[in-house]
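Worksheet: the structure to be examined is printed underneath.
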Amino acid sequence: MGARNSSGLVAYVNARLLDPATGLDTRGALLTNGETIADVGPGLFQGGVPAGMEVVDCRGLCLAPGLVDMRVQLREPGEEHKETLKSAGEAAVAGGVTSMVCLPNTNPVIDEVATVEFVARRARKIGLAKVYPYAAATKRVEGKELAEMGMLAEAGALAFTDGIRAIRNAQVMRRALTYAATFGFLIVQHPEEPSLAEGGMMNEGELATRMGLSGIPVAAEAIMLERDMRLVAITGGRYHAAHVATAEGVEIIRKAKAKGLAVTCDTAPPYFALNELAVKDYRTFAKLSPPLRSETDRQAVVEGLKDGTIDAVASDHSPQDQDSKRVPFAVAEFGGVGLETLLPVTLDLAHNGHMSLIEALRLVTCAPSAILGLAAGRLKVGAAADLVLFDPDRGWKVNAKAFHSKSKNSPFDDRPVQGMVMRTIVDGRTVYKHDA
Amino acid sequence: MTDAAFPHRHLLGIQGLAPSEITSLLDLAEGYVEQNRSSDKRKNLLRGRTVINLFYENSTRTRTSFELAGKRLGADVINMQSAGSSVQKGETLIDTAMTLNAMHLDVLVVRHPDSGAVKLLSEKVNCAVINGGDGSHEHPTQALLDALTIRRRKGKLTGLNVAICGDVRHSRVARSNIYLLNAMGAHVRLIGPRTLLPSGVDRMGVEVFHDMRKGLADVDVIMMLRIQNERMSGNFIPSIREYFHFFGLDREKLGLAKPDAVIMHPGPMNRGVEIDSDVADDVERSLIRSQVEMGVAVRMACLDMLTRGLPQSEGDA
């Protein structure tokens, strides 16, 4: 956060430039001018940096587009004791996230122009990661009447979803897809048949039976996805499935894509890095929605990421305070924080040999931004200088207590990870710097 | 230091107990059966110790059984029902644990409607904890008293065919019994309609039947489970009438088991729902009253065993 010189030019030299959008992976430099990227490439500053520029020596570390997290819950307005736009912003930039898209399940719900503008204005004022709201697909996320999609989009809503609630009524979903298609808007679904998930707390099966907990069958995801694929086919709408977590879910999306439907999906780190065993001993921090599934499902999610069936990775950041989690499993809230572990757990995909570093990075940069029609997530001249500098190999141990997020409910607490954010830049400003 | 025969601080479940540890508890309980039948029922083993029964679910029989067990060992026993207490006023389990710690108790007996809640409490309190039943998870003292009842009648557990019939899905009694009987080498069968047998239960070392006529053949012990109307959150069975017709234990179905097969029920019974009065009251075949008697002895054994590991001065006023 050092003082900048009057020219507003900052030269990031000696970097390993990574741009998943173009496949660029090379030693080089990047120049920012004020809020934008002015130049980038392997040849830049080969003859030295001209005088009058601030110079940041990247010491060979990776300089990449800042992460685009397409699914976070920010809890403001309404549940500021769990997270605020400020604490989420701090958590985001500590995790290398420079753009995040928040769900409308706040109190009040983001289903009116005024709420969309409130979130955008608050986030701009805080000046950390950029916040783009999803707006509700239906009024009050009740799944009954369509929200004012057109006007909400004009106010800045990126896409439409009932967030953590599935749009359960098939007729309502059909109309939402059809109406959204009028404007080319995207509908994002929480793919879970509510009547099968009701009362369920974890993956249905032997472990749930042994623990005496009600399970949610894999079919809850499959049924909703199958239904929605048929609705996409008859409406011609654009559809995105959030946090796909089962082998069957991955297969349904794979087939829909092969048919040419306008379908995309994401998953979240817990679904490719953990399985249902994480809830053993009633660990409520691993009580997630959708639930962690079997090892077979986890492997299928990894395969889906490898073959491109799953387009993106989002943190699915769901802050819950101690009072919501330090209770019996049945009454504990669902969800885990994820902003500060998104990068290292996603990089596990590269470290474990499933894909290259740049392919892993793509899942959290240009891939989600392409789905949402954002310009972010690219190292492009003229684009906003939203960047992350990270050490891909540096190991550390997740310590939820040290998180910037107000809530500490991480399913990854104590996990050894590799990949550390050293500096995060938003609109040319350094907004986070790792201490050591 | 815990006792070598039972190296656990708490009794949270049967899962994880070694067969030798189960046998130690049962052997210890045998002695208490005799003591309870004599005119001098009191022992001062737990003099100065405080036992709290913390019940978040209504219970008469289990709470009374624990209360008697504690008093017969000379402990100060206090019952805390959740109704009307701070628990009902929204105090969290962890706050309750902090309050209990300040009272310096020695043993806490907990019953709770949520699976895993007793374990959560045990992580926060300084005393020994006995699970008096948590959700659909475990009810270890019930399984122990069932085992003692069977052992006294049949002379063994190993090799017996035991059928557990009815609402396995919601039953902590069934789960604890499956673990215990498997550990002791009995053959466990589950019998019930598919809606009452949870997913994956066939991988718990049991044989699953959906027809009483087949499932009861050659069985030594029939354990009937209570149809827990309060927990049937959906329509798991179409009607009581239909349930009794196919899965209720009556004289005719009993005739399919071994001639000396015995009948058990954890209580309270729903007569005419899962069991016919005619067989429930058959003194030759029904061990239901004996189960209640064994319950006190087994709980005395558990209190005895767990307090052996506690520091001597703790709890003295």
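Indices start at 1 and increase along the chain as displayed.
Any Cβ shown, glycine's included, is placed from N, Cα and C.
Unlike curated entries, TrEMBL annotations are predicted automatically.
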Of B:Arg111, B:Arg189, B:Arg308, which one shares the carbamoyl phosphate site with B:Arg61, B:Thr62, B:His139, B:Gln142, B:Gly267, B:Pro268 in TrEMBL?
B:Arg111
How would DSSP class B:Arg111 (carbamoyl phosphate binding site) in three states?
strand
Can you see whether DSSP assigns B:Arg226 (L-aspartate binding site) to helix, strand or coil?
coil
Run a quick check on B:Arg61, B:Thr62, B:Arg111, B:Arg172, B:Arg226: which of these binding-site residues have any Cβ-Cβ distance to chain A under 8 Å?
B:Arg172
Using a 10 Å cut-off on CB atoms, tell me which of the binding-site residues B:Arg61, B:Arg111, B:Arg172 is the least crowded.
B:Arg61
Rounded Cα-Cα span from B:Arg172 (L-aspartate binding site) to B:Gly267 (carbamoyl phosphate binding site), Å:
13
The one of B:Thr62, B:Gln142 whose CB sees the fewest other CB atoms within 10 Å, among these binding-site residues:
B:Thr62
From B:Arg111, B:His139, B:Gln142, B:Pro268: binding-site residues whose CA lies within 10 A of B:Arg226 (L-aspartate binding site):
B:Pro268
Report, in whole Å, the straight Cα-to-Cα distance of B:Arg172 (L-aspartate binding site) from B:Arg111 (carbamoyl phosphate binding site).
11
Sparsest-packed among the binding-site residues, when each Cβ's other Cβ atoms within 10 Å are tallied, from B:His139, B:Arg226:
B:Arg226
Whole number in angstrom, please: the longest C-alpha to C-alpha distance across B:Arg61, B:Thr62, B:Arg111, B:His139, B:Gln142, B:Gly267, B:Pro268 for carbamoyl phosphate.
16
